[in-house]
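I have placed the structure first, in the form of structure tokens, so that the comments after it can refer back to it.
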Number of protein chains: 2
Amino acid sequence: MATGRTHRPANRSRGIPEATVARLPLYLRALTALSERSVPTVSSEELATAAGVNSAKLRKDFSYLGSYGTRGVGYDVEYLVYQISRELGLTQDWPVVIVGIGNLGAALANYGGFASRGFRVASLIDADPEMAGKVVAGIEVQHSDGLEQVIEDNDVSIGVIATPAASAQPVCDRLVAAGITSILNFAPTVLSVPDGVDVRKVDLSIELQILAFHEQRKAGELSDEDAEELPQGAGEVTASPVAPPAASVTKRGSGSGKSPAGASGGTSGRNGEPGSDGDVPAVMPA
Amino acid sequence: MATGRTHRPANRSRGIPEATVARLPLYLRALTALSERSVPTVSSEELATAAGVNSAKLRKDFSYLGSYGTRGVGYDVEYLVYQISRELGLTQDWPVVIVGIGNLGAALANYGGFASRGFRVASLIDADPEMAGKVVAGIEVQHSDGLEQVIEDNDVSIGVIATPAASAQPVCDRLVAAGITSILNFAPTVLSVPDGVDVRKVDLSIELQILAFHEQRKAGELSDEDAEELPQGAGEVTASPVAPPAASVTKRGSGSGKSPAGASGGTSGRNGEPGSDGDVPAVMPA
DNA sequence: CAATCTTTGTGCACGCGTTCACAAAGACAT
DNA sequence: ATGTCTTTGTGAACGCGTGCACAAAGATTG
Ligand SMILES: NC(=O)c1ccc[n+]([C@@H]2O[C@H](COP(=O)([O-])OP(=O)(O)OC[C@H]3O[C@@H](n4cnc5c(N)ncnc54)[C@H](O)[C@@H]3O)[C@@H](O)[C@H]2O)c1
Ligand SMILES: NC(=O)c1ccc[n+]([C@@H]2O[C@H](COP(=O)([O-])OP(=O)(O)OC[C@H]3O[C@@H](n4cnc5c(N)ncnc54)[C@H](O)[C@@H]3O)[C@@H](O)[C@H]2O)c1
């Protein structure tokens with residue numbers, strides 16, 4: 001069972017599935033809350049509800065860590081908090097550098113949830129000379145020049161990128177060259193990094209677009225109640241090919257109240273706009 | 001295509017897999033960049049590289065939308081931009097309300113990527129009377145009292161929660177009651193909503209913890225080579241679930257371990273496990 | 001028009017993740 | 001001890017997502 005090793009290039013770290021790793025912080029949060037209320041034990045059912053997952057899934061997740069529960073009773077809260085913390089590497093302090101102290105970077109620096117989980121802001125870095133010296137969240141912002149030094153001095157291995165998209169890759173390269181091996185990227189760009197470096201991204205825009213997709217689907221669903229079941233075939237594909245007429249806001253089914261209010265007054269012409277939002281061509285590496 | 005599209009997989013929204021939907025914004029971003037450079041067509045290979053995905057995956061993703069490519073040539077950039085935009089519902093304006101205009105909420109309000117994709121900030125809401133009236137990102141912050149009215153007036157269906165965790169659920173309930181059916185939650189809490197309401201969450205803390213997990217694993221990888229992960233004191237571990245010890249913080253050792261990139265290709269010894277299992281100090285700040 | 005070259009669209013196999021369902025483990029009562 | 005009751009830990013089935021590999025479609029050239 002524990003196997004999994006052999007000569008596999010598997011990304012399966014130590015037998016713990018990635019999906020499980022992603023949920024451990026969730027469990028930890030719920031357990032911490034219980035701990036603060038001095039609750040001694042929890043059943044998988046209770047904890048699962050608190051964490052918003054299926055209880056079987058939770059039990060299986062925990063089974064990867066070991067048998068820490070007691071049948072007929074449940075899990076010891078304190079003990080489990082410790083085990084998960086250890087597994088996640090939170091029993092040690094992780095110095096972090098944040099690069100790009102703008103709106104977002106400053107908010108992140110001020111974020112309390114940072115320190116409360118063992119992450120310590122080792123330094124705030126910004127390329128703007130104007131920013132250097134300013135104090136944000138009690139820390140003095142440093143100019144990019146000192147980036148490498150800070151990383152080395154504090155043995156930092158986690159970096160957060162909150163610069164404009166155009167600067168993300170260059171900054172990333174510098175971070176990696178300086179020894180960073182884990183990056184949390186907030187810029188809307190695909191970062192390319194060498195093997196051995198982990199990158200996770202947070203993209204607000206993408207999240208909203210996904211919501212919009214489902215929202216649109218909900219709106220359309222209401223219009224054709226009956227046809228719900230059957231395959232609506234390729235109905236829509238029939239649309240005329242050729243280039244899209246930019247401006248036109250195609251309203252869909254509407255039906256129920258929730259129709260996008262784009263109509264309100266002007267269209268503020270979306271589209272045809274400066275892609276200024278910061279998308280940068282991903283160049284064309286190898 | 002044409003293969004007998006059998007029964008509807010029920011969960012599949014209109015036949016488009018969730019994983020695909022999540023990647024569409026990625027493709028769209030890459031395509032927009034190409035469009036701005038007036039590139040007429042792209043091959044799946046090029047686009048896939050730009051979006052950071054496998055080309056086969058990209059082609060399969062597009063196949064769910066229809067056959068928009070031309071064999072031997074590739075995809076028409078403009079046309080594809082339009083098709084994906086339409087599929088995601090971005091051909092219409094989506095008014096959004098942001099609740100909780102603190103550090104994060106303000107940063108979000110100032111975020112340009114918002115508007116550039118068809119999302120329009122309809123209103124900024126905060127419970128703090130002090131905030132009401134202040135102008136953030138060119139918009140006047142409104143007090144929570146007007147929440148329902150704003151949602152109705154603007155026919156808002158997407159809400160962003162950036163309040164402290166404690167307020168998230170109550171705020172969520174109000175939003176839902178007022179007609180919101182899609183929520184983007186930044187507060188570190190599990191929100192419970194009725195069926196029909198979509199919730200997506202962005203949790204910085206969780207992302208960092210996942211990175212820490214992998215970071216820890218990388219560090220451990222260098223140390224030992226092939227040790228059984230058998231818990232030595234089996235009886236000890238399972239038997240007494242005594243409370244975890246608390247001790248001092250351990251400094252990250254190694255110091256040299258950085259950049260294992262060189263050995264990337266191969267089977268670098270895996271396994272891992274924090275070398276010292278028996279006595280890892282635990283520090284779990286509240 | 002035929003030959004060749006390029007690139008799409010997808011059938012297929014595989015592995016991961018999720019969930020069900022239940023035997024076994026232990027707590028607790030008698 | 002014995003029986004009952006609760007809850008864990010996990011075997012097994014299933015569905016989704018991924019990526020390979022290739023036939024077919026169309027462009028392009030001669
Ligand atoms: N603000 C948000 O809510 C939000 C949400 C999602 C994503 N983002 C993304 O996060 C990034 C930052 O957003 P923001 O609103 O804070 O932008 P911002 O313009 O307010 O801040 C960017 C900061 O980065 C600094 N910077 C620029 N180039 C740099 C470099 N090479 N090295 C170091 N620092 C550099 C700038 O001086 C500036 O202080 C952007 O990529 C944006 O798309 C922001
Ligand atoms: N700052 C970050 O980078 C960051 C990162 C990840 C997650 N978060 C989370 O995002 C949330 C906001 O973080 P922040 O740093 O902006 O906090 P903050 O304290 O700066 O801002 C919170 C704002 O919400 C308002 N508020 C409180 N209760 C409200 C209610 N019931 N209705 C409307 N408004 C209300 C407050 O008046 C305040 O303006 C928190 O849950 C935090 O954990 C923040």
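Every residue, even glycine, has its Cβ placed from backbone N, Cα and C.
Under the heading DNA-binding region, TrEMBL lists B:26-65. In the DNA-binding region (B:26-65), helix, strand and coil residues by DSSP number 30 helix, 2 strand, 8 coil.
The feature compositional bias 'Low complexity' is assigned by TrEMBL to B:237-250.
Among the features that TrEMBL reports, domain 'CoA-binding' is placed at B:89-190. A mean pLDDT of 96 is what the model gives for the domain 'CoA-binding' (B:89-190).
The region 'Disordered' feature in TrEMBL is assigned to B:217-286.
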Cβ contacts under 8 Å made by the DNA-binding region (B:26-65) with residues that lie 6+ beyond its boundaries: 1, 15-17, 20, 73-78, 80-81, 83-85, 87-88, 90
